[in-house]
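Chemist: My questions will all concern the structure given below.
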There are 2 protein chains.
Amino acid sequence: MLNIVDLRNDFDGSIKKDLYKKLTQRTGTQNGTNTISIVAEIIDNVKQNGDSALKEYTKKFDKAQIETIKVSEEDITAAYKEVAPELLETIKKSKQNIWSFHEKQLQNSWISPKEDGTMLGQLVRPLEKVGLYVPGGTAPLISSVLMTAVPAKVAGVEKLIMCTPPSQDGSINPAILVAAREAGVDEVYRAGGAQAVAAMAYGTETIPSVDKICGPGNVYVATAKRLVFGDCDIDMFAGPSEILVIADSSAVPEYVAADLLSQAEHDILASSVLVTDDVSLLDSVKTEIEKQLLGLKRNEIIEKSLKSYGFGILVDNLEEAIEVSNNIAPEHLELCIKEPMSILGMIKNAGAIFVGNYSPEPLGDYMAGPSHVLPTSGTARFSSPVNVDQFIKKSSLIYYNKQSLEATNNDIVRFAEAELLDAHANAIKVRFNK
Amino acid sequence: MLNIVDLRNDFDGSIKKDLYKKLTQRTGTQNGTNTISIVAEIIDNVKQNGDSALKEYTKKFDKAQIETIKVSEEDITAAYKEVAPELLETIKKSKQNIWSFHEKQLQNSWISPKEDGTMLGQLVRPLEKVGLYVPGGTAPLISSVLMTAVPAKVAGVEKLIMCTPPSQDGSINPAILVAAREAGVDEVYRAGGAQAVAAMAYGTETIPSVDKICGPGNVYVATAKRLVFGDCDIDMFAGPSEILVIADSSAVPEYVAADLLSQAEHDILASSVLVTDDVSLLDSVKTEIEKQLLGLKRNEIIEKSLKSYGFGILVDNLEEAIEVSNNIAPEHLELCIKEPMSILGMIKNAGAIFVGNYSPEPLGDYMAGPSHVLPTSGTARFSSPVNVDQFIKKSSLIYYNKQSLEATNNDIVRFAEAELLDAHANAIKVRFNK
């Protein structure tokens, strides 16, 4: 079911080029001007009419007539009763692992005092208020709540709020509410779509404005995030999920097939790619995929996904496999090879790297600890997994005394004059009576 | 010339509220749909027609008919001959200070191996290719080139390119070319406006596509950055410059006045704010401003700027001054008070903090070391000065062995099933023959 691409005879590089394009541009990030104007209108309406606009959109888009936007303590208590105790334990364990991993990322403010009396440094502080968007839909994204909220709380975010669209009866999936509470989310609101993004960006009577909005969503949510960006911060744009497995003859076809299938079930736009130098491994993986697929519930989605974006890529050697991976910059990269640690230094672009036969991608989705919110569609070239860095900000610190300023005062004046800014030069001159 | 605001009698907080709004919303970050469609067309044209589209726009917008887009070695050698030797020395000193400060920010990749055989970590790597936009105009932004390019090079960026619009004769200011070479910029191109942003985002025959685009620009440049964001990364949106000085009776009116004036000369939208609990200091600063203004070349800009966005704010005490500052989240914050270090912990939002009477803002603009590219318009709430962090990316690292995966395999399966993703569960089950 995988599309086979043989790069061993790609003499002019044209096959590679087409492949990279196909895999990194599965969805455009440009939004049509029509979507932009619809979303801009929603944002304006929420800005001007606050809660009443929100309720109106919730009625229109979510078919839910809600009275209160904020989820109450009673709702949350009730949710705990509906979640299986084993699942609650699993959620707690997952939260603990996420917390431990992210705690190691905390940075200190620092200073660098020098003999000449100067002192420079950086103050590191958490964002004060963060908003998390959680889409609705049939499959509850329990783990995504943990994987965004916990890093924010570890960073020290004081107020973490969450917006999610309600069902038609106004309810929210209890597992989502429980995960939110366990992760430390302070307040949950019934609001979805572009209107929820607008509410978190500008505030309403009920929903406070935040400094940063995180979380995936449909094209309206993504467009709204793009439009409010600058008035508050936003996280990355989440595209369809993807995995790339680099495997050699030491890999287990059964495992590789299962991991490719697990990615393909997300979405018909999801991409599952195997890159190997071993033709017989590729054959075995293909056979295993056909076999395992029969027992899987989401086989229709998987078939469509593999047909469009499932690839088995043959290369001459491991170096070429890494080159292919670096160009695709996959969200998830599995290394099912003999000596995975020896190639870490060659991997330039990847959201998360899963090392060895017993680190399958679902381990990272749920339990390992690093956030599963990862850069997609080739954006691992320039962006990072959700982690503590995204919930802190820094301020530069500059201290000079009279002597150290005097030692450099001519440079400052010269620079200011070269840039034709004489009031800048004046600010130095007045201090030394020039 | 300062607008006086007395917060000592602001019983209902309404004066504060108006003030914060006025100061943080000096420019909207929303771009009109008309600008969006103009810029979208430019981007499409550059995407499709590359260099020839670039040359066409350079002729249209910059009135320059250029033959080669890339600046040659000969151009750069010639530029060195045109720059005064003292200025070159100052540029070199500044570069060294910026380099030293940013070197202290380099982060290591790290791992956390545990007794149970698991190993988690983060790989830290530089972005491969970065593009720097430098606007044209009368005052050459020599220092801005250094303040963006050096942090990128410290981070380890392999290929750093620069685009800047040429003069009508096709030339580029020699001091800009020299600063670019000193800072380590690898290639300079004659291209400006939205078309330069498009070229760096998608590449042309001459200009390579980059992973991140940095640098300030007019509304077309800013809109282009917003539209290409996602296909590559972008830095912050730069608004008009601003300073807030917190001063008490220990401050020197002459210095405070000079620092406020230095900010006001940037732009009629620039903002200069003094917050003090000392009425007599405020009076003396006002007098000093009138006095010093007479000797400054850009006095017309300064007068307009101060009239619109120059404020002298009276507060009851230092705590209230800090509260005002945190709400405005100034780009530059000067602490001209008796014990500045004792309040650092209370400052939540500021781009750069200048401590004491001998750390005037122009010191930071040119020589101190921290980048002068700082968050404006209140965005210090959620963003940081340009620093090494913006030129690196991280990948998560996950390694489990058979035993450690087995220990958590039930959790993963449970989680996957709760999210209705049975191929995820299958990826675990196949490894333990379930």
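From the backbone N, Cα and C atoms, a Cβ is placed for every residue, glycine too.
Relevant sequence annotations retrieved from TrEMBL are reproduced here:
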ACT_SITE  A:Glu331  active site, proton acceptor
ACT_SITE  A:His332  active site, proton acceptor
BINDING   A:Tyr133, A:Gln195, A:Asn218  NAD(+) binding site
BINDING   A:Ser241, A:Gln263, A:His266, A:His332, A:Asp365, A:Glu419, A:His424  substrate binding site
BINDING   A:Gln263, A:His266, A:Asp365, A:His424  Zn(2+) binding site
Chemist: Taking Cβ distances under 8 Å as the criterion, give the subset of the recorded positions A:Gln195, A:Glu331, A:His332, A:Asp365, A:Glu419, A:His424 near chain B, ordered by sequence.
Modeler: A:Asp365, A:Glu419, A:His424
Chemist: Could you tell me the maximum Cα-Cα distance in Å between the residues recorded as binding NAD(+), namely A:Tyr133, A:Gln195, A:Asn218, rounded to a whole number?
Modeler: 12
Chemist: State which of the following recorded positions has the fewest other Cβ atoms within 10 Å around its Cβ: A:Glu331, A:Asp365, A:Glu419.
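Modeler: Lowest Cβ count within 10 Å among the recorded positions (A:Glu331, A:Asp365, A:Glu419) is A:Glu419.
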Chemist: So which other residues, same chain and not among A:Tyr133, A:Gln195, A:Asn218, have a Cβ within 8 Å of the centroid of the Cβ atoms at the NAD(+) site?
Modeler: A:Pro135, A:Cys163, A:Pro165, A:Gly192, A:Gly193, A:Ala194, A:Ala196, A:Val197, A:Gly217, A:Tyr220, A:Val221, A:Ala224
Chemist: Given the binding-site residues A:Asn218, A:Ser241, which one's Cβ is surrounded by the fewest other Cβ atoms within 10 Å?
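Modeler: Sparsest of the binding-site residues A:Asn218, A:Ser241 by Cβ contacts within 10 Å: A:Asn218.
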Chemist: Among the binding-site residues A:Gln195, A:Gln263, which residue has its Cβ surrounded by the fewest other Cβ atoms within 10 Å?
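Modeler: Counting other Cβ atoms within 10 Å of each of the binding-site residues A:Gln195, A:Gln263, the minimum falls on A:Gln195.
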Chemist: Can you see whether DSSP assigns A:Glu331 (active site, proton acceptor) to helix, strand or coil?
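Modeler: The three-state answer is coil.
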Chemist: Provide the three-state secondary structure of A:Tyr133 (NAD(+) binding site) computed with DSSP.
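Modeler: Reduced to three states, the DSSP call for A:Tyr133 (NAD(+) binding site) is strand.
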Chemist: Sort out the sequence-distant neighbours of A:Tyr133 (NAD(+) binding site) for me: same chain, 6+ apart, CB within less than 8 Å of its CB, listed by position.
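Modeler: Sequence-distant Cβ neighbours: A:Met162, A:Cys163, A:Thr164, A:Ala196, A:Val197, A:Met200, A:Ile213, A:Cys214, A:Gly215, A:Pro216, A:Gly217, A:Val221.
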Chemist: Can you tell me which recorded positions out of A:Gln195, A:Asn218, A:Glu331, A:His332 are within 10 A of A:Ser241 (substrate binding site) by Cα, answering none if there aren't any?
Modeler: A:Glu331, A:His332
Chemist: What Cα-Cα separation, expressed in whole Å, is found between A:Asp365 (substrate binding site) and A:His332 (active site, proton acceptor)?
Modeler: 10
Chemist: Report the same-chain neighbours of A:His424 (substrate binding site): residues 6+ apart in sequence with Cβ closer than 8 Å to its Cβ, ordered by sequence.
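Modeler: In sequence order, A:Ile412, A:Ala416 meet the Cβ cut-off.
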Chemist: Look at the recorded positions A:His266, A:His332 and tell me which residue has the greatest number of other C-beta atoms within 10 angstroms of its C-beta.
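Modeler: Buried the deepest by this measure is A:His332.
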Chemist: In Å, how long is the longest CA to CA span across A:Ser241, A:Gln263, A:His266, A:His332, A:Asp365, A:Glu419, A:His424, which the record gives as the substrate binders?
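Modeler: Greatest Cα separation within the listed binding residues comes to 57 Å.
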